[in-house]
């Protein structure tokens with residue numbers, strides 16, 4: 001059985017419910033319970049490997065994890081629409097406007113957001129993104145042909161649009177580009193392994209996993225010495241300059257999540273924690289004085305582990321009533 005967050009936070013569904021104030025759970029066609037990101041079928045992968053361009057129409061609320069050309073044509077007034085894009089952790093997303101036929105003067109809009117935003121919560125958070133929130137929006141009605149190509153700063157991006165007149169719409173081409181030093185990432189899967197490297201840069205990077213997981217950190221290099229410390233009201237690593245923290249919560253924005261553990265010093269070995277929260281985030285804070293690196297793997301907690309969550313000392317923060 002899928003977790004409450006998977007039912008609640010097929011992100012597209014939450015966005016639609018938030019905008020329209022309608023049913024709490026809505027169904028996305030073509031999306032199975034275990035496929036919240038509409039991943040490619042094997043047949044489609046074979047088709048794309050043959051050099052063909054993937055093309056399809058967009059729904060008002062949609063999610064894409066592949067390159068291709070995508071067209072939206074309004075059959076009726078569509079006032080609250082969004083498409084979410086996601087790539088692999090080592091990828092950036094480029095959105096090119098091929099053609100746009102909307103009535104900006106009549107109240108239509110088409111905006112790209114650098115990241116994801118849902119119910120007022122952003123990923124990456126404002127603390128972890130190099131641009132201000134206003135700079136993360138690119139409005140076609142303001143830029144027109146001046147900026148017809150937008151590249152994301154991480155592996156997720158989205159577009160918002162409103163179209164009043166049936167027959168109007170737009171076509172975009174989505175491409176993916178290599179990112180040598182991935183910083184902020186949303187994982188497409190409930191399990192995986194990843195190494196985050198921040199090379200002498202003063203920045204914060206978050207890796208978000210929207211599942212309850214076991215996370216195992218096998219290697220941490222911070223430029224100074226050893227330890228895993230559970231958070232206490234008066235304790236933490238904030239004075240260290242370079243550290244890793246584990247966060248948990250039910251929303252999207254890491255800055256609004258509860259801090260569960262700090263890793264203040266380098267170590268080689270294994271540090272493991274079960275986190276029963278709907279969203280788990282590993283966040284690295286870097287002063288820019290060192291080359292910081294953390295290697296970790298994660299897998300989804302099974303139903304039995306979740307039922308036994310009362311054994312977990314952080315249960316009160318991760319299982320709020322829904």
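In case you wondered, yes, glycine gets a Cβ from its N, Cα and C as well.
Feature annotations, courtesy of TrEMBL:
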SIGNAL    1-23  signal peptide
DOMAIN    52-177  domain 'Corticotropin-releasing factor binding protein N-terminal'
DISULFID  60-81  disulfide bond
DISULFID  104-141  disulfide bond
DISULFID  183-205  disulfide bond
DOMAIN    185-307  domain 'Corticotropin-releasing factor binding protein C-terminal'
DISULFID  237-264  disulfide bond
DISULFID  277-318  disulfide bond
Tally of residues which DSSP labels helix, strand or coil - the domain 'Corticotropin-releasing factor binding protein C-terminal' (185-307): 8 helix, 70 strand, 45 coil
Which of 81, 141, 205, 237, 277, all disulfide-bonded residues, has a Cβ with the fewest other Cβ atoms inside 10 Å: 141
Site of maximum Cβ density within 10 Å, from disulfide-bonded residues 60, 183: 183
Between residue 318 (disulfide bond) and residue 141 (disulfide bond), the C-alpha gap once rounded to whole angstrom: 41
Candidate with sparsest Cβ neighbourhood (10 Å radius) among 104, 264, the listed disulfide-bonded residues: 104
Rounded to the nearest Å - Cα separation of residue 237 (disulfide bond) and residue 205 (disulfide bond): 16
Disulfide-bonded residues near residue 141 (disulfide bond), in sequence order, restricted to 60, 81, 183, 205, 277 and a 10 Å Cα cut-off: none
Secondary structure content of the domain 'Corticotropin-releasing factor binding protein N-terminal' (52-177), with strand meaning DSSP E or B: 13 helix, 67 strand, 46 coil
